[in-house]
């Protein structure tokens, strides 16, 4: 646990230091002590710090949503990006942006709600369609239907883009590629409720999540109110993921990788691996953003960097399940 705390601190410092204008650790300490130059203070407090906080909380939210979705579906391949939540939230954000335009910044607190409603429609469709007549989900069926629903909602986003002006298209395109746009102080407080929900639900529902891993029949035999628990957990997962996605854009695979890595390291009990998974999610997103802002002259979308890491991992898990 403490190793991942140290890795998180290192990743957070890297996010504060790296960018167009380098801010070494010694200068960060000068800024924190009140002795930094005006430019350094501005870069640190108005650009780097709020962005790093949003990234840290968003990574944890995506990991938390992944934990819940994988437990509900009993499927290690489950992730907000693969189950239609990302594209569903994206459609809601795109529609909201087309109506609000640049004034959307004034309604930043509403964004997670808009994303939640549209993401809930997409994820509900995936879960309903993936149930067979025996009322059980097949892992591969869930992934295939999730990909289909995601494609359908992505198609609707493209349709909206074709009817929009150039400015609107530019924003939506950046969102779809995972370009972090909500990275100022107002957005820190926008994502904070989602992060707190992730912390709370994983702490309070750890016993229920442990029981769900044993299977539906065992869960019912142990007295778990299955339908109520699954509904509450699904709503929380969609809300947590939507809070992050509405600000970070279309970022996938974090909810896939983080829980899987944590379970490999410390086992499958939720009260043990959940917190490590949240830290891993934050670390991945912080590092991916730092890489995207430094490896090229122009900022490289964070979502693409995460995809370059996550896609091979997804294929590894997919082939492992097929054996």
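Glycine too: its Cβ is placed from the backbone N, Cα and C atoms.
From the options 184-204, 205-225, the stretch TrEMBL describes as transmembrane segment is 184-204.
Per TrEMBL, the stretch carrying the note transmembrane segment among 4-26, 142-164 is 142-164. Scored on C-beta pairs under 8 angstroms, the neighbour of the transmembrane segment (142-164) with the top count among 49-69, 81-100, 106-130, 273-292, 299-319 is 81-100. Note on the transmembrane segment (231-253): residues 54-55, 57-59, 61-62, 64-65, 68-69, 71-72, 79-82, 85-87, 89-90, 93, 111-112, 114-116, 119-120, 123, 127, 174-183, 187, 190-191, 193-195, 197-198, 201, 205, 208-209, 285, 301-303, 306-307, 309-311, 313-314 of its chain, located 6 or more positions outside it, place their CB under 8 angstroms from a CB of the stretch. When Cβ distances are compared across the two stretches, the transmembrane segment (49-69) makes contact with the transmembrane segment (273-292), since 3 or more pairs at least 6 residues apart fall below 8 angstroms. Residues 46, 50, 53-54, 57-58, 60-61, 64-65, 67-68, 105, 108-109, 111-112, 233, 236, 239-240, 242-244, 246-247, 270-271, 274-275, 278 of the same chain lie 6 or more positions beyond the ends of the transmembrane segment (184-204) yet place their CB under 8 Å from a CB of it.
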